[in-house]
């Protein structure tokens, strides 16, 4: 391809993407949208610079303003989560997790987490499964950990406390990880903290999905319930840039985390993202509680509305959800892959997802039986419970009534015309301007 043609096509594709999302319903639970101020910080000169090491101890010159911004980011994160120590250098949630693995384990050590099929994240997974099949999870593939699984209660969509206590006592892991990529309800941090202490295991809470809800005081508070460390990504319910952080209340543990991050894992830590995180953290301090409350309210409203429209919504007996996520079982509708593609044609952007019982019914991650829906981004656009009811009707038209998705896309576009700006920010503005 001619370089001039390639240049033009890339610019055109970026523009078309923004136009598409400006008239779509972005409902992927691991995504959100930043404010114009945060977006602008991402394109600042900070993105051209290096600042290896710790604030005040850099091995590069020219960092006095970078140090100030990173110091503010750390202070704001500590305030948000009411902790003593925060490292905001990890460039993602996965790297934040890897910092914990590096700081507190050695290759061959036993770690315990939920399997991917039960909501665990790939960063917690083993290198290979029990039958030798390649999984490639970060914990196993990168750190060389021997990953065993916590028990999961499919009916209640949560860690099975009693069975997990027994497994922890039997395996005596160095590390126990809670949290995951499917998390409808708070995980049993307090219930597992004593057994972790008794076997000498570090209790690590991965808050990648729910960090914004925790900061907004609308979810569990893992650091108050017994977690030793907490990691997060900063772009899901925490409406910042794609970045990461690690927090703790223990100074000795924090020093180990710092050394794991540098020199071990990070040289340049994406300073434009640190600046953007500082701004997002300030927004979260000012607006986070109101935002998180709206997110949970919208998730519950969407789940109930989908149920009322005739969908099989997971965990009805528990009120469906206490987080930003809603799970649909669409096995009877042709599976997650089919439903995801039909909804995408209607400009409703979701992702297919494994359900805990999918393996038993012969499904895989390529065509699972579930859809994982998120309301974080729609909430940032200002949508509320009434819009969740409208959206449930659009799902019904596409998946149950089998209307032409292209026709429904027009209705989606009409709905979105009322919600173009980012809310819960000091400077509201167009969400998908480019």
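Glycine is treated like the rest: Cβ placed from N, Cα and C.
So that you can see what the record holds, here are the features copied from Swiss-Prot:
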BINDING   120, 121, 122, 255  (6S)-5,6,7,8-tetrahydrofolate binding site
SITE      235  site 'Plays an important role in substrate specificity'
MOD_RES   236  N6-(pyridoxal phosphate)lysine
*Chain-internal residues near residue 255 ((6S)-5,6,7,8-tetrahydrofolate binding site), provided their CB is under 8 angstroms and they sit 6+ positions away*: none
*asked:* Can you give me the Cα-Cα distance between residue 120 ((6S)-5,6,7,8-tetrahydrofolate binding site) and residue 235 (site 'Plays an important role in substrate specificity') in Å, rounded to a whole number?
replied: 18
*If you measure residue 235 (site 'Plays an important role in substrate specificity') to residue 121 ((6S)-5,6,7,8-tetrahydrofolate binding site) at Cα, how many Å is it?*
16
*Give me the largest Cα to Cα distance among 120, 121, 122, 255, the residues the record lists as binding (6S)-5,6,7,8-tetrahydrofolate, in Å as a whole number.*
27
_Set of same-chain residues at least 6 away whose C-beta sits under 8 angstroms from residue 122 ((6S)-5,6,7,8-tetrahydrofolate binding site)_ = 116, 135, 136, 137, 138, 181
_Please report the Cα separation of residue 121 ((6S)-5,6,7,8-tetrahydrofolate binding site) and residue 236 (N6-(pyridoxal phosphate)lysine) in Å, rounded to an integer._
14
*Name, in the order they occur in the sequence, the residues of the same chain whose CB lies under 8 A from the CB of residue 236 (N6-(pyridoxal phosphate)lysine) and which sit 6 or more residues away.*
29, 30, 31, 32, 208, 209, 210, 211, 212, 324, 374, 376
*Ranking the recorded positions 121, 235 by other Cβ atoms within 10 Å, which is at the bottom?*
121
*asked:* With every protein chain in view, what's the tally of Cβ atoms within 10 Å of the Cβ of residue 120 ((6S)-5,6,7,8-tetrahydrofolate binding site), excluding that atom itself?
replied: 25
